[in-house]
């Protein structure tokens, strides 16, 4: 059964836009950004830089949870909550997962503990799943807004697509960054080694005349 057209009042229009902004900024931007920050930290050697990236990751996820909670409160207090459509059902599952993820993060075991790898895999899988499903729900929400109001949402769809594409490229590029750096270092070492070999060859070809001259007195 198709959804009934929505009569937009100025207040409802503002609430819908605010809800969309809160959901996008949480699961569509900050949470993926947190994943990227940890991904980037894997290629950083400086302890100070790693700590900065880690705390930025934590801060971005805390803000994301707060914004998602605000979006949930807004939708449940002002919108229809029959949960008879895909957007609302996915959103409900997301809200639970978003609160589960920081709990998993705070339960992080120390390095060297056997369950550390299990914790890492779980934390990573839940985080990536929230990002993927969250972005999908933003797309679904934009489409639902267009269907219920008849207003064009093409611009917002295009902007979201550009943002997701850039983040996906950066995320995937991190896999190859170490390889690129190692190749450059190896090439530099080979060039330095070749230059040193040429210098040694010249020294053997033209040995330095370090013999003392003998002067014969008359």
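Just so you know, glycine gets a Cβ as well, placed from its N, Cα and C.
Listed in TrEMBL for this protein:
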type: COMPBIAS; residues: 202-218; note: compositional bias 'Basic and acidic residues'
type: DOMAIN; residues: 1-181; note: domain 'Cytochrome b561'
type: REGION; residues: 184-218; note: region 'Disordered'
type: TRANSMEM; residues: 20-40; note: transmembrane segment
type: TRANSMEM; residues: 52-76; note: transmembrane segment
type: TRANSMEM; residues: 88-107; note: transmembrane segment
type: TRANSMEM; residues: 119-142; note: transmembrane segment
type: TRANSMEM; residues: 154-173; note: transmembrane segment
Checklist entry - Same chain, outside the transmembrane segment (88-107) by at least 6, Cβ under 8 Å from its Cβ: which residues? => result 23, 26-27, 31, 58, 61-62, 64-65, 68-69, 72, 75, 81-82, 119, 122-123, 126-127, 129-130, 133-134, 136-137, 140-141
Checklist entry - Excluding the flanking five residues on each side, which residues at least 6 beyond the ends of the transmembrane segment (119-142) place their CB within less than 8 Å of a CB in that stretch? => result 20, 23-24, 26-28, 31-32, 34-35, 86-87, 90-91, 93-94, 97-98, 100-101, 104-105, 107-109, 153, 156-157, 160, 164
Item to check | Mean of the pLDDT scores, which run from 0 to 100, over the domain 'Cytochrome b561' (1-181) | outcome: 87
